[in-house]
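To keep things clear, I will list the structure first and then write my remarks on it.
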Amino acid sequence: MDPVKPEEISHPPMDQLQGLEYCIDSNPPWGEAIALGFEHYILALGTAVMIPSFLVPMMGGDDGDKVRVVQTLLFIQGINTLLQTLFGTRLPTVIGGSYAFMVPILSIIHDSSLTRIEDPQLRFLSTMRAVQGAIIVASSVQIILGFSQMWAICSRFFSPVGMVPVIALTGFGLFNRGFPVVGTCVEIGIPMLILFVIFSQYLKSFQFRQFPVVERFAMIIALIIVWAYAHLLTASGAYKHRPHQTQVNCRTDMSNLISSAPWIKIPYPLQWGAPSFDAGHAFAMMAAVLVSLIESTGAFKAAARLASATPPPPYVLSRGIGWQGIGILLNGLFGTLSGSSVSVENVGLLGSTRVGSRRVIQISAGFMIFFSMLGKFGALFASIPFTIFAAVYCVLFGLVASVGLSFLQFTNMNSLRNLFITGVSLFLGLSIPEYFREFSMKALHGPAHTNAGWFNDFLNTIFSSSPMVALMIAVFLDNTLDYKESAKDRGLPWWAKFRTFKGDSRNEEFYTLPFNLNRFFPPS
């Protein structure tokens, strides 16, 4: 038997992911692009509905208030997505609501000065204005770090070894929004998960008139089938005598969004009144802004790979963070009850559909803006049970995480140093936030519990984020542990050409600003 050649058992590293039908700057036909844009819009609804549905009742708001917040969040998502794809990183990323802001917002909701307000509507408006003020002030962190290019300077300390845990945990760190939510209504969650995998993977070669319709629209096809099945169960009275929480998770008529939504409503700045400002609230919110910065950094790098682009150079990354800061400012001005970060699930959908086109994401932004103003139509799609979205997340979050692991191909994983850094940062990136979450659920407050509420919120927010913890550990170890002797093992020879905009000729193709704006903002 002839000896096996090395090239037969290994695969050469590749700067750009292969196998995509359309990359970042190539566009599908208009009909296909519009359908794919609608698919991204439907996927973005999950977070846009879940955050207000959880927070608004705690603030004293009614179903009408919840609908207005959902509409406003979708409207700003569309605007922020357009800004990011036009002037930010220009990657095909949806900029959506962020769970990173939950801890400081919950702290504001439970502030004693607000909870003592007896009138529910007045308490809702007062809380909303307090959240708006904190978000407006905190947005300055990303605006300054981004547009001053300070984040570009910081990102020069990154290497493939340091980025693997951050990008991987951008997906893996969201595990609690996957199967734990599917398990709340297994009769619709499990079928959705199975059908999505079958359509997107096992039937992807099925074509209609030489078009891979099943692969492209696996999520939509599976969602329509399971949504109809869930509606059938609801109409047949299957949940009539079940516990209330089960009905909320399973029924298709529990959101009350359609009946409460106006036919036409255009969100506008300061629609809830003048924001109120509190230094403690603003400082705590800055921690959430830092977390969203790190999570978006990981998601940007994953999106670049799934769009068959080169890794965004520090200048482009910093530019994107600056525009995301502008987006968070808009969140505060309009009152969306959340900040902004890259939608990880939509990044995963790029890989599932094998379409990384920027135009598709811009079309999805148009759907967000359009349906946010046409309340009844948008509310119809927003009434999809969240369990269905969670089943899709199980696949898409895992896909994003595996993109992070793919950066290991540029490093030497026969190095004990690299194994140590990767393993420890991945493990602690999952373990520390899980400790903070479990502690908070049992004690009803985070592990940081001093008399300074803003300090507690700051630490609890930082250490509840898996990508944030992973970045702190991985980047510190990577830049202090035998870093001079391990440049090649860390993947720096490959990484070096992506450290400057002009280091690789492909950067100009992928990241140059439109309308010849680079004349006024020359890249560095």
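Using N, Cα and C of the backbone, Cβ positions are placed for all residues, glycine too.
Unlike curated records, TrEMBL annotations are generated automatically.
Taken straight from TrEMBL:
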type     : residues : note
TRANSMEM : 38-57    : transmembrane segment
TRANSMEM : 69-87    : transmembrane segment
TRANSMEM : 93-109   : transmembrane segment
TRANSMEM : 130-151  : transmembrane segment
TRANSMEM : 157-175  : transmembrane segment
TRANSMEM : 182-202  : transmembrane segment
TRANSMEM : 217-239  : transmembrane segment
TRANSMEM : 360-382  : transmembrane segment
TRANSMEM : 388-407  : transmembrane segment
TRANSMEM : 419-436  : transmembrane segment
TRANSMEM : 458-477  : transmembrane segment
Folded-back contacts onto the transmembrane segment (360-382), same chain, C-beta under 8 angstroms, at least six residues removed: 22, 27-28, 33-34, 36-42, 44-45, 48-49, 67, 70-72, 74-75, 77-79, 81-82, 85-86, 92-94, 255, 257-258, 260-267, 346
Contact call for the transmembrane segment (419-436) against the transmembrane segment (458-477), three or more Cβ pairs under 8 Å: yes
Leading contact stretch, 69-87, 157-175, 182-202, 217-239, 458-477 vs the transmembrane segment (38-57) - CB distance under 8 Å: 69-87
Recorded stretch, among 69-87, 93-109, 182-202, 217-239, 458-477, maximising Cβ pairs under 8 Å relative to the transmembrane segment (388-407): 182-202
The transmembrane segment (182-202) versus listed stretches 69-87, 93-109, 157-175, 217-239, 458-477: most Cβ pairs under 8 Å: 217-239
Other parts of the chain folded back onto the transmembrane segment (93-109), taken as Cβ under 8 Å at six or more residues beyond its ends: 40, 44, 47-48, 51, 55, 58-59, 73, 77, 80-81, 83-85, 115, 127, 130-131, 134-135, 177, 281, 284-285, 287-288, 291-292, 295, 299-300, 303, 324, 327, 336-343, 346-347, 361, 364-365, 446, 453, 456-457, 460-461, 464-465
Non-local residues, at least 6 beyond the ends, that sit with Cβ under 8 Å of the transmembrane segment (157-175): 294-295, 297-299, 301-302, 344, 348, 393, 397-405, 407-408, 410-411, 418, 421-422, 425-426, 429-430, 433, 465-467, 469-471, 473-475, 478-479, 489-492, 494-495
